[in-house]
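A short write-up of the structure that comes next.
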Ligand SMILES: Nc1ncnc2c1ncn2[C@@H]1O[C@H](COP(=O)(O)OP(=O)(O)OP(=O)(O)O)[C@@H](O)[C@H]1O
Ligand SMILES: [Mg+2]
């Protein structure tokens, strides 16, 4: 392994959530092998990695969708088993899934409050509607009305709904699996702001993203997964090339080759212009 | 300056400038028209269907729309209608129960055997049959959720087995008569609302509709949300008052409104409340829309499936008892023949999607009215059951096609499939 462990840094305080030796197999595919991860309260940890590196699988283990084959999860200094999504909610782990996991036939309010409806005897629709508007406004959501089925929303609007849903119920750790993939410029900025606000409020945030700019903008540490294994933890100000190299596995890779080519052709163009 | 004040005055949920605003009757009607055009048909096709069916049968036989016949039609629709209520629940989670007919037959036989042959008190006999129904639903749910048996197969197996048990229970004679003086038979055949009470109920219904609508509108307005205008609420209540009032007046020219039918409607209202106003109902729709998403939201999906299968079989058991009481006998054909398909067809014709996640308790009421109208009309024309099967089959096919076309239109218009 050529893991550049030099750049690895420790979590600033005691981790609120920490994983040790987590493995998960799907039949013959080892999706996760002996993965470790720490997240402290008030810290944003980004997980990056190539397609199929096991990021979403890790998220699903943490949120109780899949059970890990081996390994331990420690939450607030207690070893816990996250056997079901309900367990994760009870602990205070909220998740925005990559595939969003919304019910298309239900409207925005119903999706936001699914599984934790506000009740006063019967369902209290009015309170839920007001809370929905507050949440969506906080995210600068451009959703004209909350009483339409989610099926009629655009991809980015759905993503906003999924993010808004994770904020309900006072979570302690929020996991966002590619939260900005479908978002517009303003909404992406809003989500990044939100992540910073969550950090300032003392929540632990795990963010997964393919967008290195977003990662650098908000993450305190960047953990790299490669083929289901840890491949180094970096400070957010580590050079991008180094992180990319850890993601892809070598310094001579498609990304660096492409960057070189572009640099060279730009230089060639400049030379031509000078002539 | 003007816009600022306007924005401040607009309700919280109507701030987006892309929303077309409007209040009152005209805007409400325009909204309904827009929904219909995008394939969100609601109860419209079925109401039109009923009008067509009634016109055709009335022109073929003038007895059809007589008070006496309509009273009869409503009384006859209760038992299969109650079974259809259960079917609606199962369809809502995207499953099916093909055995409701034989479960109802079994329940009828069970009630008759324990009551007549063993001399149990009627309430005990009924409770036992209902418990048997609930147990059957529980077994289905375990097969589906724990063993992964498709509900189609599990209930098909149940269909045969329970038919067998029904025949075995009834023994060689194949029929057990239930005495006319028993409370159940009296209730199902002879108990009608006094005329004054029927009108009181109509007024109560319209008043209650207005009161709840007005209460909700006031809470919403107080919270800064948009709300239905009072004019609209009054118009709705008055329409209901006049419509129901006329129907009751017309029925009262014959025997009137049966307690049995009123009980059926009350069950519809209770189920509607449970499906739309409780957390359980919300989770039923969620599981039908996307079971995995519901699971990730922390909903106990297995428990939802179990509740729904138990409810369905229990409703089937109740419907079977009512059918037996209507006949004053439990026999080998109770719950057999077209009961099964009629119950499922009623749910589907009434607008419950076979794909899960769409439908309402009122589907059972509207659907069974269509089915029972066809069956009743054809009987009046002296056409035998072969025609009844053919025509009910065609109507079912039409309803399912309409469901599919409307679904495609909804997808094209970006509404929930
Ligand atoms: N339910 C499943 N059954 C079988 N294999 C799975 C399942 N889920 C994930 N895998 C496999 O596990 C590996 C990791 O998948 P995962 O979804 O975690 O990748 P990822 O890092 O999130 O990728 P991406 O960046 O594309 O989202 C892949 O090889 C995938 O094929
Ligand atoms: Mg992924």
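Any Cβ shown, glycine's included, is placed from N, Cα and C.
Taken verbatim from TrEMBL:
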type	residues	note
TRANSMEM	B:41-61	transmembrane segment
TRANSMEM	B:73-93	transmembrane segment
TRANSMEM	B:122-140	transmembrane segment
TRANSMEM	B:152-171	transmembrane segment
TRANSMEM	B:196-217	transmembrane segment
TRANSMEM	B:229-251	transmembrane segment
TRANSMEM	B:257-275	transmembrane segment
TRANSMEM	B:304-327	transmembrane segment
TRANSMEM	B:339-355	transmembrane segment
TRANSMEM	B:362-381	transmembrane segment
TRANSMEM	B:387-406	transmembrane segment
With contact taken as 3 or more Cβ pairs under 8 angstroms (pairs 6 or more apart in sequence), are the transmembrane segment (B:41-61) and the transmembrane segment (B:362-381) in contact?
yes
Range from B:73-93, B:122-140, B:196-217, B:257-275, B:387-406 with most C-beta pairs under 8 A to the transmembrane segment (B:362-381):
B:73-93
Should anything in the same chain at least six residues away from the transmembrane segment (B:152-171) have a Cβ under 8 Å from its Cβ atoms, list it; otherwise answer none.
96-99, 101-103, 105-106, 108-110, 112-113, 136, 140, 143-144, 330-332, 334-336, 340
Using Cβ atoms only, state whether the transmembrane segment (B:304-327) and the transmembrane segment (B:196-217) have three or more pairs under 8 Å that are 6 or more apart in sequence.
no
State the non-local partners of the transmembrane segment (B:257-275) in its own chain: residues 6+ outside its ends, Cβ under 8 Å from one of its Cβ atoms.
71, 74-75, 77-78, 81-82, 85, 88-89, 92, 187-188, 191-193, 198, 201, 248, 251, 281, 284-285, 322, 360-362, 364-365
Need a quick answer: max count of Cβ pairs under 8 Å to the transmembrane segment (B:73-93), which of B:196-217, B:229-251, B:339-355, B:387-406 is it?
B:339-355
With pairs fewer than 6 apart in sequence excluded, do the transmembrane segment (B:229-251) and the transmembrane segment (B:196-217) have three or more C-beta pairs that lie under 8 Å?
yes
Quickly jot the same-chain residues contacting the transmembrane segment (B:122-140) by Cβ under 8 Å, restricted to those at least six beyond its ends, or write none.
97, 99, 103, 106-108, 110-111, 114-115, 151, 154-155, 158, 162, 182-184, 306, 309-318, 320-321
